[in-house]
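Q: Okay, here's the structure, questions in a sec.
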Amino acid sequence: MGCDASVLIDGNDTEKTAPPNNPSLRGFEVIDAAKAAVEAACPRVVSCADILAFAARDSVALTGNVTYKVPAGRRDGNVSIAQDALDNLPPPTFNATELVGRFANKSLTAEDMVVLSGAHTIGVSHCDSFTPRLYNFTGVGDADPAISPAYAFLLRAVCPSNSSQFFPNTTVDMDVITPAALDNKYYVGVTNNLGLFTSDHALLTNATLRASVDEFVKSETRWKSKFVKAMVKMGGIEVKTGTTQGEVRLNCRVVNKRSANAELELAAMDDGDQVAAS
């Protein structure tokens, strides 16, 4: 599971359908529209994997007023398996040791993990990702003591204990302070027991991780500088490049149909392609 746009492929047992991505991952129609536009302008040149990386860059610019260059030249994968998402994406219940280990599996450091956790300053979560913290956490009907009582009260009002059954589409902001801005308020919230997930609070349970959190509370500029570097680093995980790896999908939702002539044609078009910066 790398940065090859495998998460965009439709199917019954693809990454898109796995619990870490469904129903949380959205906006596929935005990628479809971007792909249609670039195919109309320059067919079979820009991969879906690159479009995803560019979309992430643009989202950071729009919500956080920070820009960065993204290396291009990724190829699209042609395999997507739901279990890969389960095996590679850290769940919201992870503790500090588990988080560091899962990121290390992808050659990301403990600091990278803390930096990238700051992305929780944007977006929403469905109730079932955190309701276990709100109800009967220690077996006596109480909430996780690591959550601010006032915050737990607010979350319970939105997400009842049976929300996954009767209110599966209910969501809450992951950052209760500034939910529409890419800023350092996620870290401010975490240090005030306003972290939504067990994995958010986990950043405070390890001295090294806590030091990074405190650093980013003090300096939003420092966090943003490290965040864009970590985004570029993460965007280079297990990429496919060149003429022998992957493909340039014509439709991001399905792999290309293959024929001997098509393989030769695509190889000829790709000959000499190089990784560039956009």
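Quick reminder: no glycine exception, Cβ is built from N, Cα and C everywhere.
TrEMBL entries are annotated by machine, without manual review.
Annotations per TrEMBL:
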BINDING   Gly2, Asp4, Ser6, Glu15  Ca(2+) 1 binding site
BINDING   Pro90  substrate binding site
BINDING   His120  heme b binding site
BINDING   Thr121, Asp175, Thr178, Asp183  Ca(2+) 2 binding site
DISULFID  Cys48-Cys252  disulfide bond
DISULFID  Cys127-Cys159  disulfide bond
DOMAIN    1-256  domain 'Plant heme peroxidase family profile'
Q: Based on Cα coordinates, which of the following binding-site residues are within 10 Å of His120 (heme b binding site): Gly2, Asp4, Glu15, Pro90?
A: none
Q: Would you mind reading off the Cα separation of Asp175 (Ca(2+) 2 binding site) from Cys48 (disulfide bond), to the nearest angstrom?
A: 29
Q: Which residues of the same chain, at least 6 positions away in sequence, have a Cβ lying under 8 Å from the Cβ of Asp183 (Ca(2+) 2 binding site)?
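A: Spatial neighbours, sequence-distant, of Asp183 (Ca(2+) 2 binding site): Gly64, Thr121, Glu220.
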Q: Rank aside, I only need the closest one: which of the binding-site residues Gly2, Asp4, Pro90, Thr178 has its C-alpha nearest to that of Cys48 (disulfide bond)?
A: Asp4
Q: What count of other C-beta atoms do you get within 10 angstroms of the C-beta of Pro90 (substrate binding site), across all chains shown?
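A: Result for Pro90 (substrate binding site): 19 other Cβ atoms within 10 Å.
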Q: Checking the contact step here: among the recorded positions Gly2, Ser6, Glu15, Pro90, Cys127, which have a Cα within 10 Å of the Cα of Thr178 (Ca(2+) 2 binding site)?
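A: Final answer: none.
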Q: Tell me which of the recorded positions Pro90, Cys127, Cys159, Cys252 ends up closest to Asp4 (Ca(2+) 1 binding site) in space, Cα to Cα.
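A: The answer is Cys252.
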Q: Apart from Thr121, Asp175, Thr178, Asp183, which residues in this chain have a Cβ no more than 8 Å from the mean position of the Cβ atoms of those residues at the Ca(2+) 2 site?
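A: Output for this site, in sequence order: Ile122, Ile177, Pro179, Ala180, Ala181, Leu182, Asn184, Lys185, Tyr186, Gly189.
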Q: Taking Cα atoms as reference points, which of the recorded positions Pro90, Cys127, Cys159, Cys252 is nearest to Ser6 (Ca(2+) 1 binding site)?
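A: Result: the closest of the recorded positions to Ser6 (Ca(2+) 1 binding site) is Cys252.
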